[in-house]
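**Student:** The structure under discussion is supplied below as structure tokens; questions concerning it will follow.
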Amino acid sequence: MAKLSTSLYTTTLLPPPSRQNPPPLSRHNPLPSSSSRRKNIIRCGSVSATTALPSWASSNPRPVPWGCEIESLSSASDLQKWLSESGLPEQKMGIERVEVGERGLVALKNIRKGEKLLFVPPSLVISADSEWSCAEAGDVLRRNSVPDWPLIATYLISEASLMDSSKWRRYISALPRQPYSLLYWTREELDMYLAASQIRERAIERITDVTGTYNDLRTRIFSKHPQLFPEEVFNMDTFRWSFGILFSRLVRLPSMGGKVALVPWADMLNHSSEVETFLDYDKSTKGVVFTTDRPYQPGEQVFISYGKKSNGELLLSYGFVPKEGSNPNDSVELSLSLDSSDEYYDEKLEALQKHGLSSSQRFPIQITGWPLEMMAYAYLVVSPPEMSRHYDEMAAVASGKRTSTVTYPELEEETLRFILECCESSISKYTKFLEGGSTLDPITTNTKQANRKLQLKQLAKDLCNSERRILYRAQYILRRRLRDIRNGELRALTIMNGFRKLFK
Ligand SMILES: C[S@@+](CC[C@H](N)C(=O)[O-])C[C@H]1O[C@@H](n2cnc3c(N)ncnc32)[C@H](O)[C@@H]1O
């Protein structure tokens with residue numbers, strides 16, 4: 001349930017930096033304060049429309065030979081039985097088919113607000129410290145200092161391939177054979193359905209990162225130990241599966257120093273944007289728990305929060321989009337760029353680069369407004385040569401390094417007009433997709449594929465509607481402000497004319 005970084009991670013197996021790796025299923029991110037907004041500024045331009053994706057992104061995914069269909073309840077009840085035999089205490093919830101999220105945990109008894117639930121013991125948790133059924137393979141990875149994410153991804157494949165001799169066979173059998181995640185969208189589908197949304201670029205970055213990670217492991221480790229890591233088992237298809245599982249189920253446990261882990265049973269809980277509670281390790285009971293923030297009656301589905309994520313981020317990692325307007329943390333990224341014909345382009349770019357920014361940046365807009373950083377970036381884009389002494393200050397605020405508000409009344413109108421133009425150009429892309437009919441659909445060869453396309457298209461439509469809604473709101477605010485500025489100027493002009501007449 002997290003994101004990988006683009007560069008270092010791809011080439012050096014370094015762990016993903018925290019900006020790209022928010023705590024899934026566990027602690028939610030803070031509201032977009034100025035510092036978190038800074039983290040949300042995303043460099044653009046690294047993923048062009050022609051960026052080559054690995055070959056597996058150009059065809060439909062090949063399923064792995066383990067796991068189950070996500071709606072399968074029989075493997076889920078086997079899992080429940082095995083967990084209780086292995087030390088999971090009696091539960092107040094059971095796995096059932098649910099309306100939101102296919103399978104989920106449903107209250108079996110009355111549950112009070114403020115009650116601790118789950119108590120999954122550490123022996124039933126998968127982490128980077130877990131014991132490998134094939135101890136030699138684990139030793140090799142540890143000797144090579146493989147970071148937690150790729151280590152756990154490889155562990156999962158290793159245990160899955162051993163199946164009956166693995167301690168985790170009941171857990172792995174109950175995992176979805178194909179997790180819902182943008183990792184499973186082909187390049188054609190991403191281009192076709194998400195052309196308007198910046199999430200397309202994020203998905204491409206992620207697919208590229210996962211491929212880079214696998215290639216790195218293969219070159220540096222697997223190829224040197226083919227008997228431990230045969231390619232029939234450790235390949236791109238199985239890595240896409242294991243990373244898909246990690247993105248949608250891995251938990252960061254704050255009370256264990258941010259350790260990442262897969263927590264069987266707890267990972268059957270679905271997300272609701274309306275709840276605030278998250279998973280964590282409870283030192284007093286020595287188990288993974290969460291504390292309810294509302295009461296539940298028997299039969300009601302129990303939810304946790306996967307974090308304060310936008311609809312796009314939920315689609316990217318978990319493969320679903322909440323109902324339009326139901327996610328208070330929703331946001332859309334707007335891309336702003338320097339004008340390449342600006343005679344002070346080089347000076348502006350230099351100021352931006354000094355603060356770690358580039359000629360094109362994405363900024364998150366929420367229904368409540370946009371960040372200071374975006375305003376500062378826009379000031380820089382429109383500012384004339386005579387304001388060049390302010391370029392550094394504008395770039396510093398745009399990068400989030402300086403949190404003071406900057407205002408340049410003389411640039412206000414042009415800046416708002418520039419943002420409005422970007423907003424409207426983005427809106428028109430969404431409208432083109434949403435009103436474009438079905439002529440763009442990729443050719444399908446069978447009913448299963450046709451159903452899949454319909455599902456993906458619906459998800460894309462839901463995402464595009466929710467993102468466009470935020471842009472419409474921003475457009476309304478911008479237009480109103482511009483009108484106010486013009487009215488203010490008009491009033492000032494009338495007063496000036498009045499004075500002029502008086503003095504005459
Ligand atoms: C941690 S798992 C939760 C258990 C999962 N439902 C299962 O049956 O294995 C996360 C996955 O559950 C589904 N999910 C969770 N919350 C959801 C929601 N609010 N709406 C739709 N699907 C949801 C998504 O498929 C997501 O990738």
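Residue positions begin at 1 at the first shown residue.
Backbone N, Cα and C define each Cβ position, glycine as well.
Just lifted these from TrEMBL, have a look:
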- 1-37: region 'Disordered' (REGION)
- 1-13: compositional bias 'Low complexity' (COMPBIAS)
- 14-25: compositional bias 'Pro residues' (COMPBIAS)
- 91-307: domain 'SET' (DOMAIN)
- Arg249, Asn270, His271: S-adenosyl-L-methionine binding site (BINDING)
**Student:** Across the whole of the domain 'SET' (91-307), what does the mean pLDDT come to? Round it, please.
**Tutor:** 96
**Student:** List nothing but the largest Cα to Cα distance in Å, as a whole number, among the residues Arg249, Asn270, His271 that the record says bind S-adenosyl-L-methionine.
**Tutor:** 11
**Student:** Applying a 10 Å Cβ distance cut-off over all chains shown, what neighbour count does His271 (S-adenosyl-L-methionine binding site) have?
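**Tutor:** So the number of other Cβ atoms within 10 Å of His271 (S-adenosyl-L-methionine binding site) is 23.
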**Student:** Go through Arg249, Asn270, our binding-site residues, and report the one whose Cβ sees the most other Cβ atoms within 10 Å.
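**Tutor:** Its Cβ has the most other Cβ atoms within 10 Å: Arg249.
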